[in-house]
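Enquirer: Let me give you the structure first, and then I'll get to my questions.
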């Protein structure tokens, strides 16, 4: 599936330069207005899983706003924005793309304010942005890197959720992207895996807090999914063999994960789901 030419040398990775492009859409996906009239904010929505979620949400009638890394993902963001405009339904509003660094509270507040100024509210919040760096020992993880990973991967979830909740009503949904690594561990992604475990706990605790308000909180824990984060994180050998260790013997595609988010965002489909995590992971068995 991948070759040595795939290797990228900077986070968070760029989709438009990938030799084997991730699949964010499919002719087999048949929308049915599951999210008609909803306003969705997707972090890290310019590529990978976030782009596929945006595609499905827009196809299902949602108005979509997404964030991307300021100054690093402009081309991916513009391609995603154009795609969303093409697949959106006639009764949804024009999508918007917001460049930012989500690791800081003031930036997260600005993102929420921009979405609310444009669309009046937030019905679905997708906390999805992440970064990861490979290391062989804990000694390699210095304080600046540890803080950077935690700021992006879990601090931003707290920041965005806190600000977004002011504009979310009963029936709204929060969906957090965790990882199969939160359940099985990963020796070479120690700091990343720790944040993903924190996201599971955050999801379950927040679900308990918000149940009385009628706001559901769930998560998705993808397995090995082919996104720009992979060639930006691993060495050539791991890129080449990525996904081969799961029972299905291949990496998943973003479009194979995105319907899980549609399911959790749709009240008709998942009104009795909160505090739960879905596991699209190619057959890896985890203790949920």
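Cβ atoms here come from the backbone N, Cα and C positions, even for glycine.
Sharing the features that Swiss-Prot gives for it:
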ACT_SITE  192  active site, proton acceptor
BINDING   47-71  NADP(+) binding site
BINDING   179  substrate binding site
COMPBIAS  1-18  compositional bias 'Basic and acidic residues'
COMPBIAS  20-32  compositional bias 'Polar residues'
REGION    1-32  region 'Disordered'
Enquirer: In sequence order, what residues of the same chain, 6+ apart, have a Cβ less than 8 Å from the Cβ of residue 55 (NADP(+) binding site)?
Expert: 24, 25, 83, 84, 87, 255, 258
Enquirer: Let me know how many other Cβ atoms fall within 10 Å of the Cβ of residue 67 (NADP(+) binding site).
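Expert: Taking every protein chain into account, the count is 30.
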Enquirer: Between residue 67 (NADP(+) binding site) and residue 179 (substrate binding site), find the distance joining the two CA atoms and give it rounded to the nearest Å.
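Expert: Just about 20 Å between their Cα atoms.
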Enquirer: What's the CA-CA gap between the residue listed as 'substrate binding site' and residue 47 (NADP(+) binding site) in angstrom, rounded?
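Expert: Cα-Cα, rounded: 17 Å.
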Enquirer: Taking the Cα of residue 192 (active site, proton acceptor) as the centre, which of the binding-site residues listed as 47, 51, 59, 63, 71 lie within 10 Å of it?
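Expert: Close binding-site residues: none.
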Enquirer: Provide the three-state DSSP residue tally for the compositional bias 'Polar residues' (20-32): helix first, then strand, then coil.
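Expert: Taking the compositional bias 'Polar residues' (20-32) as a whole: 0 helix, 0 strand, 13 coil.
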